[in-house]
Amino acid sequence: MTSTTDIPLKKADTESTPAVTSDAASPEEPDYPDGGLVAWSVAFGAFLLSMSTFGYLISWGTFQEYYELTLLRDRDSSDMYILTISAWIGSLQYALTFLPGLPAGRLCDLGYFRATLITSCAVLTFTNFIIAECKEYWQFVLAQGFLFGFSIGCIYGPCITVVSQWFKVKRPLAFGTVAIGACIGGIIYPIIFRQMVPEVGFKWTVRTIAFINFAALAVACMTMKTRLDPPSVLPKMFSLHAFASPLYTVYVFSALLAILGLYTPLTYISVGGVAIGINSNFAFYFVAIANAASILGRVGGGVLAVRYGPINVMIISMVLTSLFSYIWPYVTTEGSYIAIVVLYGMASGTFIGLFAAPVTRMGPAHDTGRRLGMQMTIMSFGALGGPPASGAIQDSNNSFKPVGIFAGTIILGSAVFMALARYIALRRFFGGKI
């Protein structure tokens with residue numbers, strides 16, 4: 001991300017955190033490869049990690065619909081209880097994907113990336129297989145909620161940090177490429193689930209997905225590696241110094257709001273389709289359709305961010321995402337519903353592909369893991385609260401219209417704070433790249 005206006009450095013103690021750094025190599029940082037076989041091999045490994053972690057995660061809407069309509073429906077429980085339990089499983093997944101970001105990112109900064117990667121991949125593989133054996137509510141909450149989410153959280157942040165060590169000018173494009181992995185997973189897993197469950201049952205469907213993830217994680221462990229040596233002086237795991245930068249603070253808050261509202265339509269998009277009369281056999285594919293559409297947002301957003309800056313691109317994408325969130329529950333025909341699914345996937349995919357890019361440029365490279373980890377940990381509270389809050393709104397109103405208004409308003413607020421972060425960095429409302 002190149003800024004037309006560099007923000008002066010702020011110093012505190014022995015650490016310094018520039019609000020925005022330029023693309024020119026500084027004396028403190030060696031030149032970035034910004035391409036080449038090794039760098040793109042690392043990005044490919046991160047692509048596979050993203051596919052088998054975030055891709056599985058954003059397929060949750062398919063699992064949720066199956067649990068609500070079939071698996072958990074067999075239990076003697078009220079509809080509201082089923083909706084609440086299933087919403088909390090997904091919410092825990094989303095929250096724990098971000099919550100361990102700080103300790104995991106700090107371990108990456110300190111040189112323990114491979115140990116963290118291999119351990120987390122092993123735990124994640126084990127978790128993928130034991131989900132197939134779950135039968136009771138509490139088993140799904142522990143396995144698919146806690147253990148699965150925590151394993152992803154220990155991988156995803158360090159994965160982004162390591163990719164940032166190999167790219168600078170092309171960093172948004174590299175992040176967009178990594179994010180495509182999540183889209184691919186978000187396409188293939190719902191389709192596999194939908195096609196295999198009627199043929200071989202829930203257990204062998206989940207086991208098949210687990211084998212696919214195992215292969216992807218194994219390749220990722222072989223291709224991903226760090227480029228920078230750990231610092232000789234080890235700073236604290238958590239530092240309030242980063243929050244002395246108004247730009248960092250405001251941007252992180254905007255990301256918190258974004259994640260609070262962003263996953264609501266994706267979580268309920270299949271169930272919402274069934275509610276307006278769309279055949280459930282087809283509605284199962286809405287999650288895959290949205291994730292396929294998000295490829296355009298992630299790739300296109302990455303390309304545009306190289307030219308115009310990630311924050312500029314995300315502001316526009318979040319305004320569009322907010323608009324589609326408002327419209328989503330008011331469409332009543334299959335054709336218009338599919339159109340909203342596609343448009344929402346494209347717009348929201350841009351944020352998912354780029355949210356980490358600005359933070360990697362808000363300070364020295366050796367501290368990226370901590371800055372990104374603090375951001376992801378804060379975002380976890382939005383991920384934890386979003387789906388249950390939306391579920392409670394839907395339960396109390398028996399309608400998705402208030403849910404769409406809730407999500408759209410929160411996402412629009414995120415766009416406003418991103419615009420404020422942009423103003424803090426550039427001191428102007430129009431023009432400039434950030």
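Yeah, the Cβs are placed from backbone N, Cα and C, and that goes for glycine too.
Curation does not apply to TrEMBL; its annotations are automatic.
The region 'Disordered' annotation in TrEMBL covers 1-30.
According to TrEMBL, the feature compositional bias 'Polar residues' maps to 15-24.
Among the features that TrEMBL reports, transmembrane segment is placed at 37-60 (among others).
The transmembrane segment annotation in TrEMBL covers 80-99 (among others).
Summarising the annotation, TrEMBL assigns transmembrane segment to 111-131 (among others).
According to TrEMBL, the feature transmembrane segment maps to 137-161 (among others).
Per TrEMBL, transmembrane segment is recorded for 173-192 (among others).
For 204-222 (among others), the entry in TrEMBL reads transmembrane segment.
Sequence-remote contacts of a segment are chain residues at least 6 beyond its ends whose Cβ falls under 8 Å from one of its Cβ atoms, and for the transmembrane segment (243-263) they are 7, 10, 12, 17, 19-20, 90, 94, 98, 311, 318, 321-322, 325, 348, 351-352, 355, 358-359, 362-363, 371, 374-375, 378-379, 381-383, 385-387, 406-411, 413-418, 420-421, 424-425. Taken from TrEMBL, the feature transmembrane segment covers 243-263 (among others).
For the domain 'Major facilitator superfamily (MFS) profile' (247-434), the predicted model reports an average pLDDT of 87. Positions annotated as domain 'Major facilitator superfamily (MFS) profile' by TrEMBL: 247-434.
Residues or ranges marked as transmembrane segment by TrEMBL: 313-331 (among others). Remote same-chain partners of the transmembrane segment (313-331), defined as residues 6 or more beyond its termini with a Cβ less than 8 Å from a stretch Cβ, comprise 258, 261-262, 264-265, 269, 272, 276, 297, 301, 304-305, 337, 339-340, 343-344, 347-348, 350-351, 354-355, 399-401, 403-405, 407-409, 411-412, 414-415, 418-419, 422.
Residues or ranges marked as transmembrane segment in TrEMBL: 337-360 (among others).
Under the heading transmembrane segment, TrEMBL lists 405-425 (among others).
Within the chain, the transmembrane segment (204-222) has long-range Cβ neighbours (under 8 A, six or more residues past its boundaries) at 45-46, 48-49, 51-52, 56, 114, 117-118, 121, 124-125, 128-129, 131-132, 188-189, 192-193, 196-197. If you count C-beta pairs under 8 angstroms between the transmembrane segment (111-131) and each of 37-60, 173-192, 405-425, the highest count goes to 37-60. Between the transmembrane segment (37-60) and the stretches 137-161, 173-192, 337-360, 405-425, Cβ pairs under 8 Å are most numerous for 173-192.
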